[in-house]
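Step one of this worksheet: look at the structure below.
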């Protein structure tokens, strides 16, 4: 009987947390976009422009994709996980300012805020993927989703990398405010070393031995294996980005505890 009561208690607590997360997501969307659907659509349009420019540059430079697929599908597989990673970091770095506006609500914890801000970016990425895939199918009759679960897995890993990195940077910023300015600079080379517009299989070993330390490269390769029939990454380590994320979460938690102890 006690087991049933405990299970019921934890289930209700989980429902309460989920409702709180959804409420925080709704509040952030209304605050950021002023409750205007057009503003929200403009935010979604930015990644679409990124993808369009990359596809056009492929065609302009006569860059043939290294996989038997079309340019749009190849670009989606590389650039969307990267954008999800980057936008999730940017979103989670707003945790402090967003939490300050909710300081009077004791029920809201920092972990609720950071998760809700990151969750919005994941939802946005899913919407963008669906929009581009439908356009590609309806206009060019191309649909690449051989293993949907692997696509989802790769996107989740890219999201976790962004969430953990953002959480770690948010913790560092409590002691070192310069982190807010340093993060955008640190993210710039990620576009070049994350296998966004090439595959890991194309890289010579001298470069791969360096780039393979980048966990986002592995997330991109997982998405490619899920999208394209017959593609198999020779250098994929699926557990490495998960271990990397766990390390960042742990380091961020330690920094948060240290800062909280000093503040008290």
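A Cβ is built for glycine as well, from the same backbone N, Cα and C atoms used for every other residue.
Residues 29, 32, 65, 71-72, 74-76, 79-80, 83, 87, 124-125, 127-128, 131-132, 197 of the same chain sit 6 or more residues outside the transmembrane segment (38-58) yet have a Cβ under 8 Å from a Cβ within it. As annotated by Swiss-Prot, transmembrane segment applies to 38-58 (among others), with the evidence given as sequence analysis.
If you look up Swiss-Prot, you'll see 38-259 marked as domain 'ABC transmembrane type-2'.
Long-range contacts of the transmembrane segment (65-85) within the same chain, counting only residues at least 6 positions beyond its ends with a Cβ under 8 Å from a Cβ of the stretch, are 47, 50-51, 54-55, 58-59, 121-122, 125, 128-129, 132-133, 136, 140, 142, 144, 154-155, 158-159, 161-162, 165, 190-191, 194-199, 201-202, 216, 219-220, 223-224, 227-228, 230-231. Here Swiss-Prot flags 65-85 (among others) as transmembrane segment, drawing on sequence analysis.
According to Swiss-Prot, the transmembrane segment annotation covers 120-140 (among others), on the basis of sequence analysis. Counting same-chain residues at least six beyond the ends of the transmembrane segment (120-140), those with a Cβ under 8 angstroms from any Cβ of the stretch are 25, 28-29, 43-44, 47-48, 51, 70, 72-73, 76, 80, 83-84, 87-88, 91, 155-156, 159, 162.
Among residues of the same chain six or more beyond the transmembrane segment (149-169), those with a C-beta under 8 A of the stretch's C-beta atoms are 80-82, 84-93, 95, 114-115, 118, 121-122, 125-126, 129, 179, 183, 215-216, 218-227, 238, 241-242, 244-246, 248-249, 251-252, 255. Residues or ranges marked as transmembrane segment by Swiss-Prot on the basis of sequence analysis: 149-169 (among others).
Sequence annotations record features per position, and here Swiss-Prot assigns transmembrane segment to 176-198 (among others).
Feature annotation from Swiss-Prot assigns transmembrane segment to 239-259 (among others); the stated evidence is sequence analysis.
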